[in-house]
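Single-structure report; data block below.
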Amino acid sequence: MLTHLDSQGRANMVDVTEKAVTEREATAEARVRMLPQTLQMIVEGEHPKGDVFAVARIAGIQAAKKTSDLIPLCHPLMLTSVKVELSAEGTDAVRIVARCKLAGQTGVEMEALTAASVAALTIYDMCKAVDKGMVIEQVRLLEKLGGKSGHYKVDA
């Protein structure tokens, strides 16, 4: 059942008024593949635009807070925690893991996915002058806790 459609098939924001406030958490990831020398520049702090990981982390946090401005039917949420972690993966990729939490009436999956996506886009933006062939991939939900639909964890 598509929850964002009314009985006439029109898009609407889901009414969560009667839903109980519960603790909710979601974790998402994204990867940015790049040339090994691009990753080396980032890791060694030699990028001319500054600390790529720090800027991407802040962008991801800000994006999570702005999700309802970007995704039309998302509820504006009072997030209680947003964490964005970036790490080198092998010799040619950055892995981004975003985790969002709140006590509320609706989940935070879109906020976690948005945080990971925008952090990846920020890496691309900062590094495109040296590596136009970067690929953003594997944007996905890793885990969701809380709410009526219960626990979800991606298969390893």
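Each Cβ is built from the backbone N, Cα and C atoms, and glycine gets one as well.
Residues or ranges marked as active site in Swiss-Prot: D125. Marked as substrate binding site by Swiss-Prot on the basis of sequence analysis: L73, C74, H75, M110, E111.
Annotated features, which come from Swiss-Prot, shown on the structure.
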{"residue": "L73", "record": "substrate binding site", "Cβ neighbours (10 Å)": "13"}
{"residue": "C74", "record": "substrate binding site", "Cβ neighbours (10 Å)": "19"}
{"residue": "H75", "record": "substrate binding site", "Cβ neighbours (10 Å)": "15"}
{"residue": "M110", "record": "substrate binding site", "Cβ neighbours (10 Å)": "22"}
{"residue": "E111", "record": "substrate binding site", "Cβ neighbours (10 Å)": "28"}
{"residue": "D125", "record": "active site", "Cβ neighbours (10 Å)": "15"}
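Under the DSSP three-state reduction, M110 (substrate binding site) is assigned to helix.
You'll find the Cα of D125 (active site) roughly 21 Å from the Cα of E111 (substrate binding site).
Listed in chain order, the extra residues whose Cβ falls within 8 Å of the Cβ center of the substrate site residues L73, C74, H75, M110, E111 are T67, S68, I71, P76, L77, T106. In the three-state DSSP scheme, C74 (substrate binding site) is classed as coil.
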